[in-house]
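Marked as domain 'TR mART core' by Swiss-Prot: 373-576. The annotation NAD(+) binding site is assigned in Swiss-Prot to Arg414, Arg471, Gly472, Leu473, Lys474, Leu475, Asp476, Lys477, Glu538 on the grounds of experimental evidence. The active site annotation in Swiss-Prot covers Arg471, Ser501, Glu538, and the record cites sequence analysis as its basis.
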Amino acid sequence: MLILNGFSSATLALITPPFLPKGGKALSQSGPDGLASITLPLPISAERGFAPALALPYSSGGGNGPFGVGWSCATMSIARRTSHGVPQYNDSDEFLGPDGEVLVQTLSTGDAPNPVTCFAYGDVSFPQSYTVTRYQPRTESSFYRLEYWVGNSNGDDFWLLHDSNGILHLLGKTAAARLSDPQAASHTAQWLVEESVTPAGEHIYYSYLAENGDNVDLNGNEAGRDRSAMRYLSKVQYGNATPAADLYLWTSATPAVQWLFTLVFDYGERGVDPQVPPAFTAQNSWLARQDPFSLYNYGFEIRLLRLCRQVLMFHHFPDELGEADTLVSRLLLEYDENPIRTQLCAARTLAYEGDGYRRAPVNNMMPPPPPPPMMGGNSSRPKSKWAIVEESKQIQALRYYSAQGYSVINKYLRGDDYPETQAKETLLSRDYLSTNEPSDEEFKNAMSVYINDIAEGLSSLPETDHRVVYRGLKLDKPALSDVLKEYTTIVNIIIDKAFMSTSPDKAWINDTILNIYLEKGHKGRILGDVAHFKGEAEMLFPPNTKLKIESIVNCGSQDFASQLSKLRLSDDATADTNRIKRIINMRVLNS
């Protein structure tokens, strides 16, 4: 019988699998090997068809790593085989390919000698010659060409993989992408993918961080250790603005390229407050984990001292978005940390709207099942019972809105372009439509009923005593004279035609902060447990909320510093207040 986190397979079989939002997550039951698995997608933006194929899979049989027990995010790699013993770092060693298959040296023939000596690749000449040895999987299934390059002058070695689809992958070209013995740099145990290029000249570049001992107590168990062998995936950059046929790393150790997309793996350098959007540039040293551990299977110590705290997706379109680095999505990871074992216990997906406002996070983790009854003996622990909670259709509509329906609904209410297919799928899945090809009138009526249900679900929530809420926006572009595109302006009264999301908790930094005063009887409601992520501090207002602009205080004015000091800013925002260009004091009108 499988025991997973203290619960028997019989108990788990009674649990209805939870609803997970769309985005690539897959929840599987135990297979013939008895292992449970789940996969979380990373917040990767689609490019022109060539984006990194990375995810965060879990296996109950997995070991510990930078994402806690059982979780991993492995990039393509080639490694020395260790199942038959510690590598000798000579010609007797065997290699494992990217798919885990043992590699064998390709036979040498008169027409195709193996190995060969190379001084160039295509039109790119090298400052030294390389001995290039071809390898292939012992059991062929992928049909790629694999070459092991060794420099005849400096001894640097790397791998070049020619995929069957024409894509070229470069592994371990620089020392930053190689796991080597710190006492013998030529003893490379693992080569990590560093760059990929398609026949069309599209590139993906992988960056890694080497362990440096920052924030680690060097006394006790850490005294005398050499920690520098470990490599952590730091950034994945793709979407090069100008196509290039050759690999950038042939001629440069760090490509100076204009990338349009960057996936950042953060190990605590940027802060993990969900109310504060992290900056693109690291602001602090990375954090040390409570349960450091070491691997010795390659004959030297590989010390793991870090946990990945979040994964961030940045876009780089300065002309279109008004800033060089724009955060669009975020996977925030939370751990149950202790000195014995660290486990990932929650993952939040946060999205950021075009105006910079953070949407409520989505909980991507299955809640733990109730404790099972003790098996045998006299136990004082009561048997667990499932509570059946019935929700109204209106509350269900509100909950779905907070999870992923907000984008479609608000664009529709504001009269902006919206994904019509997604809107129809939403209405169909929520039983507001009976066909996926409704008439215009049927679609309009279904949307009206759905929006009314959301509003009724919102109004059924209890009133609050909050008197101030905040909303951070980007108003530098378009100009302030436009106020907000989604608002209808009447003199100094603005009407938000969509649902308006605010925070009664803290104001997170943006170039404009709306400081909104509330009068008794306002229609804003705290979502709380009704939110898809339970307990989220978000106050939502129904469509057509009226707000009166009482004052606009711009940066540099006499009252700006005084007004700024009165705002309840997020904990990590104090060093970033120079981003604030203005404060707009507003009041919600109840009629």
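Using N, Cα and C of the backbone, Cβ positions are placed for all residues, glycine too.
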I need the most crowded of these recorded positions: Arg414, Arg471. Count other C-beta atoms within 10 angstroms of each C-beta and give me the top one.
Arg471
Distance, Arg471 (active site) to Glu538 (NAD(+) binding site) (CA atoms, angstrom):
10
What is the average pLDDT across the domain 'TR mART core' (373-576)?
75
What whole-number Å value do you get for the CA-CA distance of Gly472 (NAD(+) binding site) and Ser501 (active site)?
10
Do me a favour and check the Cα-Cα span between Ser501 (active site) and Arg471 (active site); whole Å is fine.
8
Arg414 (NAD(+) binding site) in three-state DSSP notation:
helix
Euclidean distance between Cα atoms of Arg414 (NAD(+) binding site) and Arg471 (active site), Å:
18
Let me check the 10 A CB neighbour count of Glu538 (NAD(+) binding site). How many other CB atoms are there?
23
Local backbone state of Arg471 (active site), from DSSP in three classes:
strand
Any idea which of the recorded positions Gly472, Ser501 has the thinnest Cβ neighbourhood at 10 Å?
Ser501
